[in-house]
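Novice: The feature active site is assigned by TrEMBL to His186, His244. The site 'Important for catalytic activity' annotation in TrEMBL covers His248. Annotation comment: TrEMBL describes 19-38, 58-75, 95-114, 188-208, 220-243, 250-268 as transmembrane segment.
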Amino acid sequence: MDRGPMVGAGPGAGTRVRALLGCLVKALLWVASALLYFGSEQAARLLGSPCLRRLYHAWLAAVVIFGPLLQFHVNSRTIFASHGNFFNIKFVNSAWGWTCTFLGGFVLLVVFLATRRVAVTARHLSRLVVGAAVWRGAGRAFLLIEDLTGSCFEPLPQGLLLHELPDRRSCLAAGHQWRGYTVSSHTFLLTFCCLLMAEEAAVFAKYLAHGLPAGAPLRLVFLLNVLLLGLWNFLLLCTVIYFHQYTHKVVGAAVGTFAWYLTYGSWYHQPWSPGIPGHGLFPRSRSIRKHN
């Protein structure tokens with residue numbers, strides 16, 4: 001017996017499936033947009049609070065001073081205890097590059113959308129140029145300290161043999177080891193990046209309060225910076241737990257904090273400087289909406 005045509009197997013079924021998928025995609029996009037908006041608003045509120053920023057400085061100090069005590073309570077065989085772990089190679093060693101990329105995009109969007117002036121945007125971006133100079137200068141200073149305080153040693157089965165070679169270059173050329181006081185450049189860089197990013201990202205709360213354009217791309221870039229800031233905090237904690245000697249870490253963090261103070265806490269408040277974050281972006285005469 002011949003069977004009749006199958007019900008629901010025609011073109012109408014495919015249309016209904018496509019319509020259902022379209023509705024599902026729209027719902028997912030709506031949820032993602034709502035989460036992006038909510039997350040950026042809450043993160044901006046937290047980073048924009050002067051009280052919380054002061055507590056954040058205390059948090060960084062506590063991490064560096066007391067964090068090494070956690071080495072007695074953590075697994076020494078974890079992946080984060082290895083110098084060759086993924087995060088150490090891909091992120092810590094290139095921390096300034098990641099910070100410049102993410103934070104540069106955020107500063108560029110915020111300043112240009114607020115002012116529409118290239119000169120003002122370039123002035124605010126110059127803070128990252130100063131940061132790069134600080135990082136390079138500090139790295140060279142740390143190497144100089146190691147050179148001035150070091151000595152040349154040759155590893156032997158019985159121990160170390162001291163050589164009278166005058167500098168690091170001749171010592172390493174002879175196949176020996178140079179050992180001096182090594183300031184932790186990783187602790188310095190992570191501390192400096194954390195303070196710098198917290199200072200730059202704090203301006204987003206005032207940006208939103210002035211009702212300036214804040215579309216999905218800008219909010220996404222802001223949240224990416226927040227995530228990177230969280231990663232730097234985590235990797236700083238790992239660094240002080242697993243690597244370097246205690247005084248080397250404390251000195252590195254102290255130098256990073258001092259570099260932040262000289263720039264963001266002092267020089268940037270002068271008229272002949274790149275200016276503090278948000279300087280010249282929000283005219284006082286402009287009406288301000290209440291930021292919830």
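From the backbone N, Cα and C atoms, a Cβ is placed for every residue, glycine too.
Remember, TrEMBL labels are computer predictions, not curated facts.
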Novice: Could you give the residue numbers and ranges of same-chain residues that sit at least 6 residues beyond the transmembrane segment (220-243) on either side and whose C-beta is under 8 angstroms from one of its C-beta atoms?
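Specialist: Distal contacts: 36, 39-40, 43-44, 47, 60, 63-64, 67-68, 70-71, 74, 76, 80-81, 83, 87-88, 91-92, 95, 98-99, 102-103, 105-106, 109, 184, 186-187, 190-191, 193-194, 197-198, 200-201, 204, 249.
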Novice: Roughly how many Å lie between the Cα atoms of His244 (active site) and His186 (active site), rounded to a whole value?
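Specialist: Cα-Cα, rounded: 9 Å.
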Novice: Give me the count of other Cβ atoms within 10 A of the Cβ belonging to His248 (site 'Important for catalytic activity').
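Specialist: So the number of other Cβ atoms within 10 Å of His248 (site 'Important for catalytic activity') is 19.
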Novice: Just to verify a number: CA distance, His248 (site 'Important for catalytic activity') to His186 (active site), in angstrom, no decimals.
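Specialist: Distance (Cα to Cα, whole Å): 10 Å.
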Novice: Using a Cβ-Cβ cut-off under 8 angstroms and a sequence gap of six or more, which residues of the chain neighbour His186 (active site)?
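Specialist: Counting only residues 6 or more apart in sequence, the Cβ neighbours of His186 (active site) under 8 Å are Val92, Ala95, Thr239, Phe243, His244, Gly252.
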Novice: With the transmembrane segment (188-208) as the reference, find which of 19-38, 58-75, 95-114, 250-268 contributes the most Cβ pairs under 8 Å.
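Specialist: Ranking 19-38, 58-75, 95-114, 250-268 by Cβ pairs under 8 Å to the transmembrane segment (188-208) puts 250-268 first.
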